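Visitor: Have a look at the structure that comes next, please.
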Amino acid sequence: MVLFGALEGPMPEEFEKIPEMAQDYSITSKVLIIAGGIIFVVAFFGCWGAVSDSSCMLFLYAVFLMALILVEAAVGVYAYVHRDTIKDSVSRDLKKWIKDYDDTAPTSNAKAIIDKVQVTFQCCGVDRPQDWIQQRGSLPKSCCKDDKASNCDIKNAYQIGCIPKGVQLVNSKVQKYLIIVGAIVGVEVLTIIFALIVRNSILNERRRSLA
């Protein structure tokens, strides 16, 4: 999990090219790294308990793992409930950048960002190309597949908006992420069962020795 988080987790590689959008997704990586570190520490109790035949350590290990699973479930539910928050935030940013877009200022921050977003994601506008028409009456060159063309019109523009395209990319990564997290939780559950079985075995052995 630490390695998965260090490799940026479910962040699409297209987002990595755009720091302004990547910031929101770097949080996921930090959470994964922290969770992986906690699992590593908790594993110490399990190893210690198994090696020293300590039923107390094995019980603590099982309890910590159960608590960790509950936290992972809570984070998953929170992420699902607030899944539109990042989308809305990016949408507001894109609308602001489109509003501030200035063709006549090559050093314009809004122009640099929006051009980079549209070229990288091969998209146009926030939800659709018409967003540009409504805002400024024309499309920027970065909306077209051939950005060297003198004019960019609706016919030659990317037909998908940047928000729908971003959602597509994130969903494709999230599916893989959920499979990996599901596998990790499955292993944790099996580990809890195994730890409790070993603990009961230790307790039964002690009872027999006292009988």
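Each position is counted from 1, following the chain as shown.
From the backbone N, Cα and C atoms, a Cβ is placed for every residue, glycine too.
Grabbed the feature section from TrEMBL, which reads as follows:
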- 31-51: transmembrane segment (TRANSMEM)
- 58-81: transmembrane segment (TRANSMEM)
- CYS123-CYS162: disulfide bond (DISULFID)
- CYS124-CYS144: disulfide bond (DISULFID)
- 177-198: transmembrane segment (TRANSMEM)
Visitor: Pop the Cα-Cα gap between CYS144 (disulfide bond) and CYS162 (disulfide bond) into the table, whole Å please.
Guide: 13
Visitor: I want to check the contact list for CYS124 (disulfide bond): same chain, sequence separation of six or more, C-beta distance under 8 angstroms. What comes out?
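Guide: CYS124 (disulfide bond) has long-range Cβ partners GLN118, TRP132, LEU139, CYS143, ALA157, TYR158, GLN159, ILE160, GLY161, CYS162.
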Visitor: Please work out the number of neighbouring Cβ atoms within 10 Å of the Cβ of CYS123 (disulfide bond), leaving out its own Cβ.
Guide: 26
Visitor: Mind telling me which of the disulfide-bonded residues CYS144, CYS162 has the densest Cβ neighbourhood, counting other Cβ atoms within 10 Å?
Guide: CYS162
Visitor: Please report the Cα separation of CYS123 (disulfide bond) and CYS144 (disulfide bond) in Å, rounded to an integer.
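Guide: So the alpha carbons of CYS123 (disulfide bond) and CYS144 (disulfide bond) sit roughly 9 Å from each other.
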Visitor: When DSSP states are folded down to helix, strand and coil, where does CYS162 (disulfide bond) land?
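Guide: CYS162 (disulfide bond) sits in a helix per DSSP.
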